[in-house]
Amino acid sequence: MTILIEQLPVEIQADETNIHHAQNQKELVLGDGFAVPQTNAFGHNFRDYTVESARQQGVEIFYKINHFNQTYDYVRKMRVEYAKLDKAEMSIWECCELLNDVVDDSDPDLDEPQIQHLLQSAEAIRKDYPDEDWLHLTALIHDLGKVLLLPSFGELPQWAVVGDTFPVGCAFHDSIVHSKYFKESPDYSNPAYNSKFGVYCEGCGLDKVLMSWGHDDYMYLVAKENGTTLPSAGLFIIRYHSFYALHKSGAYKELMNEEDKENLKWLHIFNKYDLYSKSKVQVNVEEVRPYYMSLIEKYFPAKLKW
């Protein structure tokens, strides 16, 4: 049975990239091979939410709920709960196959199963960066944390799985989508959390910063705690690919250390493929599976705890 992540309004659904700004039109070619399409699979501009619509209103409601609930205490609680890794035991590819049953109906650029988006991103990067096999695998697995939407992983609400991510424990930046709704957050008026650095210090490193809970941080925890040998840039991409306030607006750079700054360069590369590679032309899963299975064997144990 296909699980549709419905398009709002009652459950308030939203994809992690629902509000991302349309990319600069002059960025039309990535690397040496991948040409950026002018429009998405439906003939519309990528991530164009400037037009008033019922959908846009629903997305705004999603972020209102998200910004109220994603507090410092909530994130700490969820990280403790999911750090137990007691939801399942399976391979990376088995998790990929679970995403065959997930079609994110709130994604404005594609209505195909999530595994197709992962493979499209990975194959596009593979073409332009053939020697960076770790980056191919990172693209394949970056959204696997969306299994949090499924019953066996807690069936979390949309606001706790998808949407743009942001730091908690310090002041909310104006560049975060619908930042006006942070005024309703319990953390907004808490002096421990509402200063520029809050509970952190300048240059502390993003690994010391708690991010709003969702599929990004969950997959990061799964990969790290299961002993992946992916380079730090791979883990950085997995954990922060929805952190648009950082990699699109340049916010929170004062919290970064030198390693973060180096890894951010790779995230900028990855993000363009993540955003623009979505297509109605499907990747032949069985054809590319042997290659990605070899990468999974190289960088991960046969079975992981989730």
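Note: Cβ is positioned from N, Cα and C throughout, glycine not excepted.
Going by TrEMBL, these are the annotated features:
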BINDING   Arg47, Asp104, Asp105, Ser106, Lys146, Gly163, Asp164, His241, Ser242  substrate binding site
BINDING   His117, His142, Asp143, His215, His241, Asp274  Fe cation binding site
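For the pair Asp274 (Fe cation binding site) and Ser242 (substrate binding site), the Cα-Cα distance reads 10 Å. Long-range C-beta contacts of His241 (Fe cation binding site), restricted to its own chain and to partners at least six residues apart, with a cutoff below 8 Å, comprise His142, Asp216, Leu267, Phe270, Asn271, Asp274.
Using a 10 Å radius centred on the Cβ of His215 (Fe cation binding site) and all shown protein chains, the other Cβ atoms total 25. Note: the CA-CA distance between Asp164 (substrate binding site) and Asp143 (Fe cation binding site) rounds to 13 Å.
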